[in-house]
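Everything below concerns the one structure shown next.
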Amino acid sequence: MPKNDNRTSIIAAYFIIVGFETLREVELFLFSLFSTMYVFTISSHFMIVTLVSVDHHLHKPMYILLANFSMLEVLYTTVTVPKMLNALLTHHKEISSSSCLAQFYFLFGFGGAENCLLAVMAYDRYVAICRPLHYPNLMSGKTILKLALGAWVGGLLAAFPPTVWISTLRFCFPNFIDHFFCDYAPLLKLSCEDTSKVLIFTEGSLVALVPSLLTILSYIRITISILRIHSSSGRQKAFSTCGSHLAVFFLFSASAVSMYFKPSSASSPQKGKFVTLMYTALTPMFNPYIYCLRNSDVKTAVGNCCTIRTKVGRTPNNMFVEKYFVFVNSKISRLFNRIYTI
């Protein structure tokens, strides 16, 4: 049933991404800011993947899952940010309907896979703390790879039905998407049909609520086990192994849930853009620092990469690796020092 009989029903060949409507000088500033953040994010996550790949000391379940999470962060960010940067720089805001659907699918697919992987990482910490004697058997190399693959496949499969459903809708003119990517809410506003929040239920229950509830359940069990530890130093050590994961979980899931599980009457396009920026651009940039640069194993791996020498001295490749890791480390540390002093 049409939402508004005065609107023209069309089969859109393309959409217009409104993005950030502001002065040209502000758009150029936003382009510089977001492009720097994007390069920084990609470099940091590739650093993690490289470290886990080349350092055998990091060939452990927790770091294998972390490398998978970093790859998902790279893909998740790349789905939206380059198109946003292109629109800010060139004012080319058109996107074909097929590209819009592909962006919608991969955004929710990779986002859902991230949420599933966070649940797997919580389960890994649960086994490590609550069932340490069974950890080698329960979290073997094959099991970890199967769980990681399951998170990837689960997220991508869960995003498929909503994408197919969106592709069957008819949209009304004008075809302006009041966002900086093809998100579900702006697309529903363009639809001439009765959508009835079906997409929210499907997408939310499968790739947001269920993994998030599993993660919370794992940490409830972890907390109960930690509180039973008599030694204060033991409790502190146990909590420290979970703190970074919890921080990333709340940064990602809390912002996403607050965005997609609220009444439509309470939503505003500008607030929606800001909240979406939190989990598509900001949290992927902060996650490497939260997870790795305060982790002793990762610091040791970075130090090993920075001090690799042959008998005749450092090779050009090793010198490049050293400069790369030192540069990324210094930039992240400087950024967070400024944030903490605000």
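From the backbone N, Cα and C atoms, a Cβ is placed for every residue, glycine too.
These come from TrEMBL:
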DOMAIN    44-291  domain 'G-protein coupled receptors family 1 profile'
TRANSMEM  28-51  transmembrane segment
TRANSMEM  63-82  transmembrane segment
TRANSMEM  102-123  transmembrane segment
TRANSMEM  144-166  transmembrane segment
TRANSMEM  206-227  transmembrane segment
TRANSMEM  239-261  transmembrane segment
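Confidence over the domain 'G-protein coupled receptors family 1 profile' (44-291), given as mean pLDDT on the 0 to 100 scale, stands at 81. Long-range Cβ contacts of the transmembrane segment (63-82) within its own chain (Cβ-Cβ under 8 Å, at least 6 residues beyond either end) map to 34, 38, 41-42, 45-46, 48-49, 52-53, 103, 106-107, 110-111, 113-114, 117-118, 120-121, 124, 141, 144-145, 147-148, 151-152, 180-181, 280-281, 284, 287-288, 291-292, 297-298. Only residues 6 or more beyond the boundaries of the transmembrane segment (102-123), in the same chain, are considered here, and those with a CB under 8 A from a CB of the stretch are 62, 65-66, 68-69, 72-73, 75-76, 79-80, 83, 95, 147-148, 150-152, 154-156, 158-160, 162-163, 166, 181-184, 187, 203, 206-208, 211-212, 214-215, 218-219, 245, 248-249, 252-253, 256, 279-280. Long-range Cβ contacts of the transmembrane segment (206-227) within its own chain (Cβ-Cβ under 8 Å, at least 6 residues beyond either end) map to 108, 111-113, 115-116, 118-119, 122-123, 125-126, 129-130, 154-155, 158-159, 235, 238-239, 242, 246, 249, 253, 256-257, 260-261.
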